[in-house]
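Below is one structure, written out as structure tokens, with a few remarks after it.
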Amino acid sequence: MNTALAQQIANEGGVEAWMIAQQHKSLLRFLTCGSVDDGKSTLIGRLLHDTRQIYEDQLSSLHNDSKRHGTQGEKLDLALLVDGLQAEREQGITIDVAYRYFSTEKRKFIIADTPGHEQYTRNMATGASTCELAILLIDARKGVLDQTRRHSFISTLLGIKHLVVAINKMDLVDYSEETFTRIRKDYLTFAEQLPGNLDIRFVPLSALEGDNVASQSESMPWYSGPTLLEVLETVEIQRVVDAQPMRFPVQYVNRPNLDFRGYAGTLASGRVEVGQRVKVLPSGVESNVARIVTFDGDHEEAFAGEAITLVLTDEIDISRGDLLLAADEALPAVQSASVDVVWMAEQPLSPGQSYDIKIAGKKTRARVDGIRYQVDINNLTQREVENLPLNGIGLVDLTFDEPLVLDRYQQNPVTGGLIFIDRLSNVTVGAGMVHEPVSQATAAPSEFSAFELELNALVRRHFSHWGARDLLGDK
């Protein structure tokens, strides 16, 4: 057993008491991102090593792997703790998103180590979608690069409000305060293009040597701020969904017998309590909450993030994908929306195409009306394009086959986040974040049906010699 873990269990008075203490610790999900070879995996390995989260057999295996695949000479190559795929180890890069768990006396952590290469943008977006904080690594020798800007943009696009700029490899610039100050100034200048409500912190460190990672560095007396671990342990995460109105997407209708009918799901935002008047959308039918059933019995109230089953006082028609909210809230269903899209397929996203989409348990079909622009994620400029390529990010106009109840993604990631599914292969080909739902009053009517637009796109793609015009060319 890990000696540090054994000591914690002994201090708590046994395994059961230790497990109870773990349940009451707060959990922080964060990701590491940066340019190639900035030391992301090494930093995670250092965090695991210095917080004594590595078992003896893992340490022994790490010694052997360092000799075979290591890049640090006689030293332990801590990056190998995270770079698990054979292809990653052979190339010395991170390809897939690697998740690791560790805990300290103050907090629990889930780390997502995301790829730095531009061709793996989709992997990074996947890792960032569940995180609350991003560690942006910058090589002290290179400063702020295009990939630093790209990762900052993707992180904020996916709703991350806390950025820790870790200026790594300070040992290779003689722990220069001037270098740290210059990079800090350069990043803050760039950050003026990002949303204004961000919490940005800077930590100079050396992941290889352990400076300012879990313990204060003696080599940088000019830095009096917290270590990286202290930042992670003390940062206050204010979840957006806690302050938002109630949203309960129905994932499953639970009917084990004739005497029970419940609606299971995870409360996406807000709170719900027994006796509360709720409304079902899109039908608009109202009822009262009779019971809130959980795995450990009935509760009087529930909060965002909790998996619950709601029992209503009335027998009404509710199915998977319906949304429950407070009865006094007016939330109109919309049939169009502008969506920030991260495209993940080899086949580009083009106007006129139709895809299945899934949002908060609801599955329907959407048509691409047009692409407003693609973002150059290296300098955040916008440019007009005919289609959105693999790993491209852009703002897209969608029309849905049926009215949907949507929130802006920055307000509610559950009811504002969607995925695109290819109708033939059933493969997820893209991720979308609702930028702005378009009400019926502002939506422009289309003179062409969904079938006509899809047929037009098919003809232009496969029979370009026919010279068919783009029916959406005027948009």
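Placed from the backbone N, Cα and C atoms, the Cβ positions cover glycine too.
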Which range of 34-41, 346-353 is region 'G1', per Swiss-Prot
34-41
In DSSP terms, the region 'G4' (168-171) comprises 2 helix, 1 strand, 1 coil
Per residue, counting other C-beta atoms within 10 angstroms of the C-beta, which of the binding-site residues Lys40, His117 reaches the highest number?
Lys40
Around the Cβ of Gly34 (GTP binding site), how many other Cβ atoms lie within 10 Å? Please give the count over every shown protein chain.
24
